[in-house]
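Colleague: What follows is a single structure, and I will ask about it in a moment.
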Amino acid sequence: MAATRSTSADLLHDTALVSATAPGRHLLLVTDGNVAPLYRERVEAVFEGRALHTVVLPPGEQEKTLARHAELMTALSRLGASRDACVLALGGGVVGDLAGFAAATWMRGVRFVQLPTTLLAMVDSSVGGKTAVDLPEGKNLVGAFHQPAAVIADTTTLDTLPERELRAGLAEVVKYGALGDADFFDWIESNAAALLSRDAHALSEAIARSVRHKAAIVARDEHEGGERALLNLGHSFAHAIEAEQGFGGMVHGEAVAVGMVLAGRLSERLGLAPAAPADRLAALLQRLGLPTALPEDLEAPALLGRMRLDKKNLSGRLRLILWRDIGRAIIVPDVDEDQVLATLASSG
């Protein structure tokens, strides 16, 4: 886990805090074209006088590629970065995944710092040390575990977050309640309006409870040998959707919302759970403005083909995260593909 984590308002203005996270001589700041105009100068000012180079990537999941990773390797090389270098990620999940993978692979691993600016990154991708890039065949197929030395989550940055990205982040918040905390799920239902209106107290509570839940699981199973797989509720479906759309359709949180509902429906079809939990989940996601069904142009056999490449599978068998009820996710090691096809075909 990250050595230190700070979550509060206006943290990017705390020069001493931010500077202390990156003590090395050579610094690479990675951000994207949406975030750079808002916060790049603020972070660069913290490191004035240091050997810092900034790479501004085009925004979007489609940029999380081996080619962009190579671009970051070249930037580190031209910077003259040694093993005391530090890579800082300023942005959302795509920037964090890509910058983290660069940190994991430069000279077999250098210091990495996360400065998340999206709700999804604050509650999910900045926690746990997963880094990766995508291939045309699937999402996050090339990656490494590389824990950030520090995470500084400035909640003030959520004020500039586009509405679609806020809702996408809320899908991951819902996931934590759905997989292992029924009381948290109840709280989200009661506070949905406050979360959508960006109420500072509600968002802070949602972030704290989400991070606490994920951190506890990661502490017990850092490299996903068992229990950590539960954090992927809905993600086998979601990653298939994103890949089939060429990483240019649904954003990750939207795909996760659909994936969680599909996981609930498949659990029902397999006799693992009644219909009521999936109905309740879909109703909450809809209140949050999230999709709950597959786009009509996606075909079930193609999605199943994508799911066969999922990292959680073992020995060529579908290994999915399903549930028995809200707050009771389970790992199912060998799921009948015909039942998955039927579930996919019935969505939409």
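The first residue you see is number 1, and the count goes up from there.
Using the three backbone atoms N, Cα and C, a Cβ is placed for every residue, glycine included.
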Colleague: Kindly point out which candidate in Glu163, Glu172, Glu337 is recorded by TrEMBL as part of the Zn(2+) site with His235, His252.
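Modeller: Among Glu163, Glu172, Glu337, only Glu172 appears alongside His235, His252 as Zn(2+)-binding in TrEMBL.
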Colleague: Taking the Cβ of Gly93 (NAD(+) binding site) as the centre, count every other Cβ atom within 10 Å, in any protein chain shown.
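Modeller: Excluding its own Cβ, the number within 10 Å is 25.
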Colleague: Given a separation of at least six residues and a C-beta threshold under 8 Å, show me what packs close to His252 (Zn(2+) binding site) in the same chain.
Modeller: Glu61, Gly93, Leu120, Ala168, Ala238, Glu242
Colleague: List, in sequence order, the same-chain residues at least six positions removed whose CB sits under 8 Å from that of Glu172 (Zn(2+) binding site)?
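Modeller: Within the chain, Glu172 (Zn(2+) binding site) has Cβ neighbours under 8 Å at Leu119, Leu120, Val123, Asp124, Ser210, Gly253, Val256.
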Colleague: Find, for the listed binding-site residues Thr118, Thr160, the residue with the lowest Cβ contact count at a 10 Å cut-off, counting only other Cβ atoms.
Modeller: Thr160
